[in-house]
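Taken from Swiss-Prot, the feature active site, nucleophile applies to 9, supported by a curator's inference. Marked as Mg(2+) binding site by Swiss-Prot on the basis of similarity to another entry: 9, 11, 134. Positions annotated as active site, proton donor by Swiss-Prot, on the basis of a curator's inference: 11.
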């Protein structure tokens, strides 16, 4: 019997993008922004006016993604979930950072095959049984079971089942497996 499929977003769900992005912004613009200050998806609304949309240029810096940390318990959770699910890393990303992101996954999650990494723009086109993502927009178009991974920018979102951390995300996936 085929195992059910589990898609997992990369940025802020598996890695610590939110923290490192804000840290890098603070270094450049001499600010004291905290990840907890960001209450919505459009980060340019929370930075200094002279930064604005230039905040997204940080994401294109060479090797920025290679230096991100891993969310607590994510490595263990994914490794344990591989016995139940075929796991895919699904990232909506700019083409210039695919190599860095792929290398980060290879380094941090060596048990995930490169064949199980999907770079796309519209996650609604990816057919999986479950998707874990911190971006509600990605979950809106997804047809399978949806789990919103908790982040400062999605605190006001209440349309989806929420996992506050990887302990909860793992437990939710395990509880869904019998219904797939």
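Yeah, the Cβs are placed from backbone N, Cα and C, and that goes for glycine too.
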Cβ neighbour count (within 10 Å, all chains shown) around residue 134 (Mg(2+) binding site): 24
Rounded inter-Cα distance in Å - residue 134 (Mg(2+) binding site), residue 9 (active site, nucleophile): 7
For the residue listed as 'active site, nucleophile', nearby residues of its own chain (Cβ under 8 Å, 6 or more apart in sequence): 89, 90, 91, 123, 131, 132, 133, 134, 135, 138, 149
Shell list (Mg(2+); ref centroid = CB of 9, 11, 134; cutoff 8 A): 10, 12, 13, 14, 17, 91, 133, 135, 138, 149, 151
